[in-house]
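Notes for the one structure printed next.
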Amino acid sequence: MFFLTPLLLVSLSSLQANAQLNRAIFLIIRRAGQTAQLVTVVANPDTPVCLMATSDADGAPVVVSSCSNATALNSWNFPQGENNVGPIQIFSNKCLDVTGGSNANGAKLQVWTCDPSNANQKWIPSGQDNVITWAGKNKCVDLTDGSLTDGTQAQIWDCDAHNDNQKWNHKAVTQPKSFTIQLKKDPSLCVAASAPEAGASIVIEGCSFGSTSQTFTDPNNNSPGLMKLFDMCVSIDSTENARDGDKLVLKKCEDFSPKQQWNHENSVLVNSLASPRMCLDLTDGKASSGTPLQIWDCSSLASTGAFQNDNQEWIVRNTF
């Protein structure tokens, strides 16, 4: 199954900074289509407590419970990913739901058969502050009274950025099997290898989903990330330190080579790295098949979530 995740910058960093960044990302990022546990930050990480559905029945309360292992009762799916309005699904056809649609503080949470038109099931899982907001309301998923007692029913409450009862870490249950990368300003174009051989240029070409030249894998799940094709890795084609304009090619994968380490998920663009950052870039902005890709200094406003360079804006299409 394919899911689209906005990828505004694909950035390269030093191996050390990349690893540090991704330890943080593991806790917050929710890729479109990913299944995860929702772990309250109030609990000791050694004894996690998760959001859990009590059964696969309409009206079943959503509670908190100890969660050493992922189960069908505590594994939630995010079809739209982080920072987008959408349902939070569980089982085959149930969604996180506000009981009775009440907007009052203390209204309890339940599961109900998913209905795309039901406003009680529309949520925005944040990738930065770990809150889950009821879309269109100033209400967030809240740990009732901060209680970690198994069976305590979760509620909604006025959103408060300083309230840890409203912060839920992401613990991935599923990881992408593969991914493709599309040019945001022209999604008909995808990142690809020009040939299945070492030294082949990394280019932009017409998307053909399922094509082996466009289907990347990453055995590290972005911790730190690789971009593998034909059992080789996307690498900077330079023997010197990375510089603006260096092109990208396929090379034999080398363990811990910084020139083959990439952050290929969208939360990277809001993280400040200690080392200089270089981003995947469309050479000269030429959005036509066969244009080679390069690296270039990331947009100067990237750390704020704003962008000046649409040659560095991408979309990831994950397959789970």
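A Cβ is built for glycine as well, from the same backbone N, Cα and C atoms used for every other residue.
Quick look at what TrEMBL annotates:
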| type | residues | note |
| --- | --- | --- |
| SIGNAL | 1-19 | signal peptide |
| DOMAIN | 35-171 | domain 'Ricin B lectin' |
| DOMAIN | 177-317 | domain 'Ricin B lectin' |
Per DSSP, what is the helix/strand/coil residue tally across the domain 'Ricin B lectin' (177-317)?
17 helix, 52 strand, 72 coil
Counts by DSSP class (helix H/G/I, strand E/B, coil) across the domain 'Ricin B lectin' (35-171)
12 helix, 53 strand, 72 coil
